[in-house]
Amino acid sequence: MRSPRCIFSAATALHRVFIAPIEQSNLQFALRIPSSTAFISHSPAYILPQQRRCYAAPSSTERRLPRDDQIKSWSVTLVDENGKLSEPRQTSAVLDSIDRNKDSLVVVAQGEPGTPPICRIMNKKAMRDAEKAKAKAARGSSITTKTIELNWAIDKGDLWHRMDKMKQFLSKGFRVEIMLASKKKGRQATVEEAEELLRKIKEAVGEVEGSKETKPMEGKLLKAATLYLEGKAVQKGQKA
């Protein structure tokens with residue numbers, strides 16, 4: 001009977017000869033191929049390209065509070081010109097009681113669950129006039145203003161260039177302020193020359209369709225004076 005030591009030595013020898021080379025080969029192969037986890041952790045992140053999304057701006061109808069048939073609440077609370085609130089009334093009954101050719105039922109404060117909206121009966125023409133005035137004021141604040149300085153005794157060549165520049169500004173719909181003054185040194189213009197200069201300026205303004213003088217000249221002849229002009233943008237394809 002063989003001793004356990006001999007059996008163990010034989011098994012160890014067989015393992016080293018036949019099994020160990022296979023295990024070593026498998027191990028080296030495994031080391032050469034990264035695991036899926038390692039691939040995920042070391043690979044660069046894939047970033048989706050950013051997309052710029054554009055959304056249509058809400059129309060003026062969508063921005064304003066509901067009015068007339070747009071009011072979906074069953075009842076409304078009316079407020080008068082003095083700010084006094086009425087008891088809640090059925091919306092359809094209020095609409096039937098007003099002249100809808102002239103007046104409109106307008107929500108001035110949105111309601112909450114269990115609380116009807118606060119409404120006011122308003123004249124349609126007055127609302128249109130107010131909206132037009134507001135739109136005009138908004139347009140006026142965005143209009144570009146240009147300033148052109150002129151000497152009362154300006155020569156013809158310089159005047160031609162300045163008038164050409166003025167007409168360009170007016171044709172773009174700009175406001176133009178013509179600032180007139182006399183130079184401390186140099187030739188002083190006569191009254192006739194100053195009046196002729198004003199005539200030429202107004203004549204040049206008239207050459208740009210839609211342009212006008214927005215208010216009377218400020219200042220005095222042959223002294224410091226300002227003309228206030230405003231143009232109308234010329235549509236593409238037209239000539240100023």
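Note: Cβ is positioned from N, Cα and C throughout, glycine not excepted.
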Among ranges 60-90, 184-214, whichever one TrEMBL labels coiled coil: 184-214
So, by DSSP, how many helix, strand and coil residues make up the domain 'Translation initiation factor 3 N-terminal' (69-138)? 24 helix, 23 strand, 23 coil
